[in-house]
Amino acid sequence: MADKKGSNSEKLLYCSFCGKSQHEVKKLIAGPSVFICDECIDLCNEIIRDEAAAAGVEASLSKSDLPSPQEIRDILDQYVIGQERAKKILAVAVYNHYKRLKHLDKKDDVELSKSNILLIGPTGSGKTLLAQTLARLLNVPFVIADATTLTEAGYVGEDVENIIQKLLQNCNYEVEKAQRGIVYIDEIDKISCKSDNPSITRDVSGEGVQQALLKLVEGTMASVPPQGGRKHPNQDFIQVDTTNILFICGGAFDGLEKVITDRTEKTGIGFGATVKSKQERDAGEVLREVEPEDLIKFGLIPELIGRLPVVATLGKLDEAALMKILVEPKNALVKQYQKLFAMERVELEIRPDALQAVARKAIRRKTGARGLRSIIEQALLDVMYELPTLKGVSKVIIDDNVIEGDGKPLLIYEDTPKVAGSN
């Protein structure tokens, strides 16, 4: 090894790669008739890391590592309760999408088109959780975008290419990785066309945004500013091809059931006509009959509907499903709060009647699974406030009276029970 400080040799040594002399670099490592400097070694390491990362993306999506639809469904079952048909549809769609990416480089007469996904279901039914779980399972970049914040380019608000910028941020601006990621666009129903009638005011967050999303979802070269930058004319942009990004759009689509019912249940005339009440069928059952024409009537443009060929509907969660959500998933709320209490060396017991009360309260509020945490948080607020300063508490018991606000949690001490908040 030679370095620039101790070089009194007659002949000056040079790096065989960059041509710098031993006086211009910190270290010069000798091989058989060749030399390499420390700067070239660092550059080689950087190239190897980048190539290894790109190879990792390819390897993670290879056929051998890609879980089967049944395996995807089994993993979704661990995190999402109910919605069996939606999980089955998603498992098949995601499997086919990444299987298609695996065979992109192979020459074939048949080209496989991308199948983006539309999730239709009420608030708190599990749409976002399903998309998050899929991304975590496949180890691909994932971003959630809110359609209500999007506007047409040139107006105040976020333009659609901001979605791709967030996706890049989530994978440290590795373009290859981002181009195989998953984008979940929430509240897609909120950008429906407001009316069939023309208006003098421009609908900058309705049809215009749908048109802008159309290109992104279909596949285009999105221009994204460099890290942390804003768009201005005289800068270089990062080009991201969205052709292989899987887009999952979700929305509650309030009022869509009426559109479907009006189409499917025609009123008969005469003695032989079948009279059927519109209230007989469950909303989830009605949504399963959704057709593209219903979505067009709701306010989505036909071109966007055509780019979302896979439609999965989620039903409203009933009391039994909400009770299961509280205790069964890997990250169940009850398990989370039990862990919080365990950090104080206290056991938390939430009785079945309390779970039932939480589920009923969420149904009354019409918040679905999303409202469960706030109900439990409210019920446990006082005891979580007092617990760190209380001595000798070994167990806290929650019943339905605590959830309904008619009672206090029962604190079990080493010797005698005591009610929280009592003197």
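Using the three backbone atoms N, Cα and C, a Cβ is placed for every residue, glycine included.
Annotated features in Swiss-Prot:
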type    : residues                                       : note
DOMAIN  : 3-56                                           : domain 'ClpX-type ZB'
BINDING : C15, C18, C37, C40                             : Zn(2+) binding site
BINDING : P122, T123, G124, S125, G126, K127, T128, L129 : ATP binding site
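Everything Swiss-Prot records as a feature, shown here on the structure.
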residue: C18; record: Zn(2+) binding site; CB count, 10 Å: 13
residue: C37; record: Zn(2+) binding site; CB count, 10 Å: 26
residue: C40; record: Zn(2+) binding site; CB count, 10 Å: 18
residue: P122; record: ATP binding site; CB count, 10 Å: 21
residue: T123; record: ATP binding site; CB count, 10 Å: 15
residue: G124; record: ATP binding site; CB count, 10 Å: 23
residue: G126; record: ATP binding site; CB count, 10 Å: 28
residue: K127; record: ATP binding site; CB count, 10 Å: 26
residue: T128; record: ATP binding site; CB count, 10 Å: 16
residue: L129; record: ATP binding site; CB count, 10 Å: 20
- Query: What is the number of other Cβ atoms found within 10 Å of the Cβ of S125 (ATP binding site)?
  - Reply: 27
- Quick one: pull the CA-CA distance for K127 (ATP binding site) versus C40 (Zn(2+) binding site), whole Å only. 49
- Query: In whole Å, how far is C18 (Zn(2+) binding site) from T123 (ATP binding site) when you measure between their Cα atoms?
  - Reply: 60
- Closest of the binding-site residues to C37 (Zn(2+) binding site), Cα to Cα, picking from S125, G126, L129? L129
- Query: Does DSSP give C37 (Zn(2+) binding site) helix, strand or coil?
  - Reply: strand
- Message: Quick check: of the binding-site residues listed here (C15, C18, C40), which one has the Cα closest to that of G126 (ATP binding site)?
- Response: C40
- Query: Between P122 (ATP binding site) and C15 (Zn(2+) binding site), how far is it from one CA atom to the other, in Å?
  - Reply: 65
- Item | Rounded distance in angstrom between the Cα atoms of C40 (Zn(2+) binding site) and G124 (ATP binding site) | 54
- Note on the structure: Quick note, T128 (ATP binding site) and C18 (Zn(2+) binding site): C-alpha atoms separated, nearest Å, by 51
- By Cα-Cα distance, the member of binding-site residues G124, S125, L129 nearest C18 (Zn(2+) binding site): L129
- Item | Between C15 (Zn(2+) binding site) and S125 (ATP binding site): CA-CA distance (Å) | 63
- Query: Near the ATP site, what residues other than P122, T123, G124, S125, G126, K127, T128, L129 in the same chain have a C-beta no further than 8 Å from the centroid of the listed C-beta atoms?
  - Reply: G121, G250, L314, G368, A369, R370
- Query: Which residues, same chain and not among C15, C18, C37, C40, have a CB within 8 angstroms of the centroid of the CB atoms at the recorded Zn(2+) site?
  - Reply: S16, F17, G19, K20, V25, L28, F35, I36, D38, E39, I41
